[in-house]
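Trainee: Before I ask anything, here is the structure I am working with.
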Amino acid sequence: MPVYVEVALPVPLRRNFSYRVAEKHVSALAVGLRVKVPFGRQQLIGLITAITDQCDLAENQIKNITQVLDTQAILPDALYKLTLWAARYYFTSQGQMLSQALPVALRKGADTAPQEITQYCLTSQGQAAQVSMLNRAPAQKKLFDDLKDHPLTHDEFVSLEYSKAALKALEDKGWVERKARTITIDLSWRQQLDITETPHKLNKQQAVAVSILNQQQGFNCSLLEGVTGSGKTEVYLSVLEAILKQGKQALILVPEIGLTPQTINRFKRRFAVNIAVIHSGLTDNQRLDAWRQARSGQAAIIIGTRSALFTPMLFPGIIILDEEHDASFKQQEGVRYHARDLAVMRGHYEDIPVILGTATPSLETLQNAISGRYHHLTLGERAGAAQKVKQGIIDITNQPLKNGMSSSLINEMRMHLDAGNQVLLFLNRRGFAPALLCHECGHLHECDRCDAFFTVHQGLNEICCHHCGNQYAIPKQCHQCGSTMLMGHGLGTEQLEQALTTLFPTYPVVRIDRDTTRRKGSLEKQLHGIHKGEYKILVGTQMLAKGHHFPDVTLVGLLDVDGALFSADFRAPERFGQLYTQVSGRAGRADKPGKVLLQTHQSDNVLLRSLLRQGYGDFAREQLKERQLAQLPPAWHMILIRAEAHSAADADAFLTKVSQLLPQDKAFEIIGPIPAPLDRKAGKYRRQLMFQAKTRQRLQLEFEKILNLIEQLPETKKCRWSIDRDPQDLM
Ligand code: ADP
Ligand code: ZN
Ligand code: ZN
């Protein structure tokens, strides 16, 4: 009897594909194995999702699989099920979702678990050789000396950048040989856990949280809500100790690894175990290596960003997601999955606990905590001796500003600096100025491909569009009137840094934003300088708001928050509340009291007042009520359908057709098609359609019903479109 398989392939078509299996491959088949198959003119790698003895296709249409790549399922059952669930939830193909879950090297066909690795070592002839013979060949000498200490694996050889020519020369001399070493997996941490640092004595709230978390068996989810500096990381470490002692692994997800080297070091300091760190800066091979270590159980702790969510564990114990409110957990292109939501789902499939930690819970998570679906644990006080922050509003209406700073702010800064402390200024706009203005005719220079102004980067002598990356040298003349009187309009971090250097010549300034941290290692260097007190004034964008501890910062100033208060996005107030709370959390961490000053033209703004008066917790609860009234997420459920095209009419026509397919009754609401907040980007017009439903189930079912019809609309040929479930950003 012929045998067929269904294969999930990483292609946009929302379906799987049938292939026939030749006799010789039949015995090796199982669901979850990778196979290589012909697809059009290419060979693609996909996963078997089903094995059958019949197929709807005609015999001459069906092709044979080329090769079976694995002997056992590449993903553990729970992860495999998670990806299938996610494919359905995010309305994408199983193949697309599965390929999100696999490291690139595996998608290209790499071996999941090599049995052996290549190692270079000295031969007995090499051991006895005279190193002085190599005095005129420094590259050979270096390699020789290092091999004398210990053999090198091929990966080490490559990553430490030894010379290939030197290796060959030493091999030719008969001094060095290659050996294949079988890989052994070290699981000794499961028997004997070494704790390499004495933990803090937990305060009462921490102790309560830890004891509740330690009682959890199987799947459940907890929100650990603790103000910045209240000792959440300390709670994670405590819980981790218990998990590791049971011989189980922990997966820890963080927003951006580059931004939190200190947090990772705390895990490394506490436990003498293998820690796999997974982030976008790794090479494909390094990433595969981390993946293997996690899957084999050798890595006891896995720390990573969004995509590390899919890392398999042999002994799954717990998932911790830190800064759960952070927008970077939502993927913004391709499959737009949310790592927080999938982490909870994974906990469910693995039957292990999940902890979501933050000072400023997202409204989604808060709602789950309030309704009792999640345990709600709170840390209300700052750990150690840290004191509460004082806050104030500076009304800058009609006030003279010096490079965006009012005189009250400048005076306050001087006081804190003269007292020997550090000051942090927050401005969420990088570059020198957010626009280039002609002083004679008032023309603002706009990107030719987007509905957006060019940002001026003086240091680079460039104007640059932050939406499409378009860049030019700063023009000498106005594009409209030819005048040479061009000037930056508005304030960016680069300009602020410059102004502060003049204003406070004796206090060194450091700027932290995407522009100053692009080079590898530069952020670490800057953070190090801040901690050593080399810098007194810190200027930065929201990169500065994430997870850092600056014990000597006693004053935080937010220069311009008016933009954040008036955004078109319904999540804007929530985001602002989080940002404000996170930024102000940087002040006064240790034994020094902190102060936060906020400059605004909107000092009576209701939202602002309520945030400052009640703090984030109550503010967020109020927001939640408003979302309920407005039938917005998380009360209702949303899908955003985006379309972009060279002509706006094409995008509109497509979305209009889609809106006619959508169900219309009391449990649904359709908004649009409307222009996206950034109407034109990189030369394309962007339109969107919002589809909201009262219940998640109906949203799922109704949308599934029409998905096929949408795909078949002739209008799809004239635009690019995508589905964003639970959108986080309406841009
Ligand atoms: P969070 O993760 O909530 O920002 P951390 O766990 O980083 O807080 O703790 C903030 C600071 O307080 C750290 O320097 C940490 O070492 C210290 N700390 C945490 N818990 C305690 C404790 N129980 N006793 C003393 N210091 C503590
Ligand atoms: Zn002009
Ligand atoms: Zn642009």
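Heads up, the Cβ atoms here are built off N, Cα and C, so glycines get one too.
The domain 'Helicase ATP-binding' feature in TrEMBL is assigned to 213-379. Per TrEMBL, the feature Zn(2+) 1 binding site maps to Cys438, Cys441, Cys478, Cys481. Summarising the annotation, TrEMBL assigns Zn(2+) 2 binding site to Cys447, Cys450, Cys465, Cys468. The annotation domain 'Helicase C-terminal' is assigned in TrEMBL to 473-635.
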Trainee: Just the binding-site residues from Cys438, Cys441, Cys478, Cys481 whose C-beta lies under 6 Å from any atom of ligand 3, please, or none if there are none.
Mentor: none
Trainee: Taking a cut-off of under 6 Å between Cβ and any atom of ligand 2, tell me which of the binding-site residues Cys438, Cys447, Cys450, Cys465, Cys468 pass.
Mentor: Cys438
Trainee: Cα distance, Cys450 (Zn(2+) 2 binding site) to Cys438 (Zn(2+) 1 binding site), nearest Å?
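Mentor: Checking the Cα atoms of Cys438 (Zn(2+) 1 binding site) and Cys450 (Zn(2+) 2 binding site) gives a distance of 20 Å.
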Trainee: Could you tell me the mean pLDDT the prediction assigns to the domain 'Helicase C-terminal' (473-635)?
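Mentor: Within the domain 'Helicase C-terminal' (473-635), the model's average pLDDT equals 88.
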Trainee: Which ones in the same chain are close to Cys465 (Zn(2+) 2 binding site), with CB under 8 Å and 6+ residues apart in sequence?
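Mentor: Once residues fewer than 6 apart are set aside, Cys465 (Zn(2+) 2 binding site) is near Cys447, Arg449, Cys450, Ala452, Phe454, Thr455, Gln471.
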Trainee: Looking only at C-alpha atoms, tell me how far Cys478 (Zn(2+) 1 binding site) is from Cys468 (Zn(2+) 2 binding site), rounded to the nearest Å.
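Mentor: Approximately 22 Å lies between the Cα of Cys478 (Zn(2+) 1 binding site) and that of Cys468 (Zn(2+) 2 binding site).
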Trainee: Taking the Cβ of Cys450 (Zn(2+) 2 binding site) as centre, how many other Cβ atoms lie within 10 Å?
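Mentor: Cys450 (Zn(2+) 2 binding site): 21 neighbouring Cβ atoms within 10 Å.
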Trainee: Cα-Cα, whole number of Å: Cys441 (Zn(2+) 1 binding site) versus Cys468 (Zn(2+) 2 binding site)?
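Mentor: Here the two Cα atoms lie 26 Å apart.
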Trainee: Identify, among the binding-site residues Cys447, Cys478, the residue whose Cβ has the fewest other Cβ atoms within 10 Å in this structure.
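Mentor: Among the binding-site residues Cys447, Cys478, the lowest count of other Cβ atoms within 10 Å belongs to Cys478.
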Trainee: Around Cys468 (Zn(2+) 2 binding site), how many other CB atoms lie within 10 A of its CB?
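Mentor: There are 18 of them.
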Trainee: Rounded to the nearest angstrom, how far is the Cα of Cys468 (Zn(2+) 2 binding site) from the Cα of Cys481 (Zn(2+) 1 binding site)?
Mentor: 26
Trainee: Taking the mean position of the Cβ atoms of Cys438, Cys441, Cys478, Cys481 as the Zn(2+) 1 site, which residues outside that list, in the same chain, have a Cβ no more than 8 Å away, listed in sequence order?
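Mentor: Here the nearby residues are His439, Glu440, Gly442, His443, His479, Gln480, Gly482, Ser483, Met485, Leu486.
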Trainee: Measure the Cβ-based neighbour count of Cys438 (Zn(2+) 1 binding site), defined as the other Cβ atoms within 10 Å of its Cβ.
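Mentor: That number is 22.
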Trainee: According to DSSP, which of helix, strand or coil covers Cys450 (Zn(2+) 2 binding site)?
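Mentor: For Cys450 (Zn(2+) 2 binding site) - judged by DSSP and reduced to three states - the answer is coil.
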Trainee: Please state whether DSSP places Cys478 (Zn(2+) 1 binding site) in a helix, a strand or coil.
Mentor: coil
Trainee: Suppose we draw a 10 Å sphere around the Cβ of Cys441 (Zn(2+) 1 binding site). How many other Cβ atoms does it contain, all chains included?
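Mentor: Total other Cβ atoms inside 10 Å, all chains included: 13.
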